[in-house]
Amino acid sequence: MGLYGVDEAVIPYNLNGESNWWHDINDSPLWQDRIFHILTALYGLIAVIALVQLVRIQLRVPEFGWTTQKVFHFLNFLVNGVRGLVFIFRRNVQDLHPEIVRHILLDMPSLVFFTTYTLLVLFWAEIYYQARAESTDGLRPIFFTINVAVYSIQIAMWLVLWWKYIPVLVIISKMFFAGVSLFAALGFLLYGGRLFLMLQRFPVESKGRQNKLQEVGYVTVICSSCFLVRCIMMCFDAFDKAADLNVLNHPVLNFIYYLLVEILPSILVLFILRKLPPRRDGAGFRNLCPPGELGLIWFMGILLWVMVLGVGISSPNSFLHLVAFIWDEVCVFHHGGGLPKVISGKVVGIVLKRPSSEL
């Protein structure tokens with residue numbers, strides 16, 4: 001008998017029993033399916049919210065083209081819709097060969113998530129430099145250049161892994177994305193913080209200024225935190241098998257990870273940015289992308305859907321043929337041929353920027 005009349009052998013037994021719930025859930029196919037179905041439902045809900053907001057903006061101001069707010073909600077719908085599809089077919093995805101196909105399907109939406117939320121950094125940077133009467137002409141080319149570089153490097157590593165599986169390159173790929181996430185977090189802190197301080201020093205007190213101050217502050221904290229958490233988790237994922245996110249038998253870890261880095265941030269940001277743009281003429285709005293730059297967005301979106309719908313593709317050659325075909329369609333669009341037929345239609349939107357009187 002130990003102290004207080006408790007048998008010492010009972011203590012480790014009880015602690016063991018209490019700690020086994022994590023392993024019991026992870027090893028249970030029933031709980032695995034339940035958790036992945038919950039993730040599917042949450043992602044589907046966010047996709048619907050983003051789509052509804054997109055339609056509301058279109059009905060509110062149907063006369064404008066691609067703008068920051070429109071692209072932001074479209075990409076939110078795209079990312080969350082694809083995530084929902086991947087999780088509802090999670091067991092099928094796990095059985096795909098070669099293994100790199102599974103990594104692509106699970107990680108490609110994370111790259112589009114990066115693009116989606118760095119749009120806010122771009123928007124804030126434009127507001128900040130415009131308020132300081134500095135040129136913003138170089139910001140959008142820099143934004144597109146960074147995104148093209150990130151996608152090119154990551155896709156190049158995937159293709160090498162498809163050709164020959166190299167464990168060290170898998171670690172490098174995960175660390176690269178951890179670095180990308182850290183870069184995004186620093187971008188939110190830099191430009192969100194600058195804009196927040198600038199609004200605080202704004203001499204005119206108004207309700208609009210307070211609302212914008214809260215909006216920028218909340219979104220900065222939420223987005224910088226989610227990308228920082230993703231960076232830390234990807235570092236663990238790269239070096240610790242127990243933290244592997246691309247396996248079936250870690251459903252609890254998957255639920256916590258995706259809840260913290262994508263689901264909660266998306267819900268909170270969509271709620272904070274729920275305000276519809278005012279009805280007004282086009283003088284105060286600026287398109288996010290001219291038609292040529294829109295090709296990048298369409299290429300990225302279609303490629304993401306192809307990777308999900310083409311889970312049966314088993315050879316690199318077939319994949320490359322599909323990518324080449326999609327790029328040909330994008331090039332036609334670049335030269336004035338209009339949108340590809342599968343996604344044609346009138347596209348309208350509105351920027352996130354409020355009238356200057358609200359600042």
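Cβ atoms are placed via backbone N, Cα and C, with glycine included.
Record features (TrEMBL):
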DOMAIN    19-282  domain 'THH1/TOM1/TOM3'
TRANSMEM  35-59  transmembrane segment
TRANSMEM  71-90  transmembrane segment
TRANSMEM  110-129  transmembrane segment
TRANSMEM  141-163  transmembrane segment
TRANSMEM  175-197  transmembrane segment
TRANSMEM  218-239  transmembrane segment
TRANSMEM  255-273  transmembrane segment
TRANSMEM  294-313  transmembrane segment
Considering the transmembrane segment (71-90), which listed stretch of 35-59, 175-197, 255-273 counts the most C-beta pairs under 8 Å: 35-59
Cβ contacts under 8 Å made by the transmembrane segment (175-197) with residues that lie 6+ beyond its boundaries: 107, 110-111, 114, 117-118, 120-121, 124-125, 127-128, 150, 153-154, 157, 213, 216-217, 219-220, 223-225, 227-228, 230-232, 234-235, 238
Cβ-based contact of the transmembrane segment (35-59) with the transmembrane segment (255-273), 3 or more pairs under 8 Å: yes
Distal contacts, the transmembrane segment (218-239) - CB-CB under 8 A, six or more residues away: 110, 114, 117, 120, 170-171, 174-175, 177-179, 181-182, 184-186, 188-189, 192-193, 196, 245, 257, 260-262, 264-265, 268-269, 272-273
For the transmembrane segment (255-273), sequence-distant contacts whose Cβ falls under 8 Å of one of its Cβ atoms, 6 or more beyond its ends: 35, 38-39, 42-43, 46, 49-50, 53, 69, 72, 76, 79-80, 83, 113, 117, 120, 215, 218-219, 222-223, 225-227, 229-230, 233, 245, 352
Across the domain 'THH1/TOM1/TOM3' (19-282), average pLDDT on the 0 to 100 scale: 89
